[in-house]
């Protein structure tokens with residue numbers, strides 16, 4: 001099997017060319033969509049940097065670093081993928097001629113996996129950090145330092161990078177997807193493809209579920225303290241603000257990502273009995289995958305607005321009764 005067949009053989013691009021051209025969104029719409037996402041993340045990054053300079057709370061500072069890592073990841077994800085996909089919408093180039101060695105396809109597939117898995121892992125990391133910060137404030141002698149927080153973000157990036165490189169190293173494949181505008185992992189019943197698809201999907205599902213567990217316990221703890229009569233005057237607005245933002249990030253990730261992740265698992269497991277006989281994805285599978293990927297792109301656009309809108313400065317305008325109170329440490333004897 002040639003490298004060209006390996007990269008471009010998931011669907012028959014020539015047969016679907018007319019339908020594909022009609023199904024692709026207008027290049028101007030795609031450009032506007034990408035610019036909105038980039039501007040949203042840039043605005044959120046500016047707000048984060050401005051807020052971090054005014055903070056004295058180390059716990060809040062480390063949380064902002066995780067948020068900053070998330071915003072940077074979303075921004076770079078939109079920038080990298082849009083730099084390949086948007087030109088296709090305008091030029092309508094033929095992938096096999098422009099990229100016969102599949103290098104561009106592999107790069108785009110890697111970017112889709114890397115910038116897709118990072119936000120899910122960062123969300124779980126942030127939820128875990130807040131879980132221990134709220135429920136076990138003295139289990140750590142000091143709060144997570146800025147350097148340690150950036151190290152954790154770097155580890156998440158590194159792990160996601162290794163995951164994205166697996167097809168380049170021989171496990172699974174990145175292939176051109178319908179309608180010839182993007183590359184992603186391959187939903188075919190070949191052993192390597194199945195293993196890589198399950199790794200990607202199950203890791204994402206695990207990250208979302210872990211975030212849900214950590215955030216649920218943290219919210220229950222905060223609600224219990226909030227309604228404790230003895231500590232009514234010492235509510236933890238800073239912790240509540242962080243949890244509201246985390247829950248918002250979790251809800252967006254769940255709505256945008258879970259349909260795709262579940263679809264990937266269902267598709268590869270249902271095709272297993274074929275034992276590699278299926279060489280091309282069914283048309284309906286191609287179209288459903290495209291729909292779910294479009295849902296995922298909303299995650300990168302909505303994430304920054306969670307922080308922009310759910311800050312105390314904004315919430316205090318809606319609820320003037322919210323006022324600064326002592327931190328979590330004042331609640332423990």
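Each residue, glycine too, has its Cβ placed from N, Cα and C.
Curation does not apply to TrEMBL; its annotations are automatic.
Note that this is a predicted model, so its numbers are computed, not measured.
Residues or ranges marked as domain 'G-protein coupled receptors family 1 profile' by TrEMBL: 40-307. Mean pLDDT of the predicted structure over the domain 'G-protein coupled receptors family 1 profile' (40-307): 84.
If you look up TrEMBL, you'll see 28-51 (among others) marked as transmembrane segment. Here the transmembrane segment (28-51) has long-range neighbours at 64, 67-68, 71-72, 74-75, 78-79, 82, 85-86, 89, 297, 300-301, 303-305, 307-308, 311, meaning same-chain residues at least 6 beyond its ends whose C-beta is under 8 angstroms from one of its own.
According to TrEMBL, the feature transmembrane segment maps to 63-88 (among others).
Residues of the same chain lying 6 or more positions beyond the ends of the transmembrane segment (108-128) and with a Cβ under 8 Å from any Cβ of it are 63, 66-67, 69-70, 73-74, 76-77, 80-81, 84-85, 152-153, 156-157, 159-161, 163-165, 167-168, 174-175, 182-185, 200, 203-204, 206-208, 210-211, 214-215, 218, 246, 249-250, 253, 257, 293, 296, 299-300, 303. Annotated transmembrane segment per TrEMBL: 108-128 (among others), in sequence order.
Annotation comment: TrEMBL describes 149-172 (among others) as transmembrane segment.
Sequence-distant neighbours of the transmembrane segment (192-225) (same chain, 6+ residues past either end, Cβ-Cβ under 8 Å): 113, 116-117, 120-121, 123-124, 126-128, 130-131, 134-135, 163, 166-167, 170-173, 185-186, 231, 235-236, 239-240, 243, 246-247, 250, 253-254, 257-258, 261-262, 264-265, 267-268, 272, 331. Summarising the annotation, TrEMBL assigns transmembrane segment to 192-225 (among others).
Nonlocal intrachain contacts for the transmembrane segment (246-269), taken as residues 6+ away from its ends with a CB within less than 8 angstroms of a stretch CB, comprise 70, 116, 119-120, 123, 126-127, 130, 185, 187, 189, 193-194, 197-198, 200-202, 204-205, 208, 211-212, 215, 218-219, 285, 288-289, 292-293, 295-296, 298-299, 302-303, 306, 310. The transmembrane segment annotation in TrEMBL covers 246-269 (among others).
Marked as transmembrane segment by TrEMBL: 289-310 (among others). Counting same-chain residues at least six beyond the ends of the transmembrane segment (289-310), those with a Cβ under 8 angstroms from any Cβ of the stretch are 23, 33, 36-37, 40-41, 43-45, 47-48, 67, 70-71, 74, 77-78, 112, 115-116, 119, 177-179, 182, 184, 187, 241, 244-245, 248-249, 252-253, 255-257, 259-260, 263, 281.
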For the transmembrane segment (63-88), distant same-chain residues with Cβ under 8 A (at least six beyond the ends): 27, 30-31, 34, 37-38, 41-42, 44-45, 48-49, 51-52, 55, 104, 107-108, 111-112, 114-116, 118-119, 122-123, 125-126, 129-130, 146, 149-150, 152-153, 156-157, 180-182, 242, 245, 249, 297, 299-301, 303-304, 307
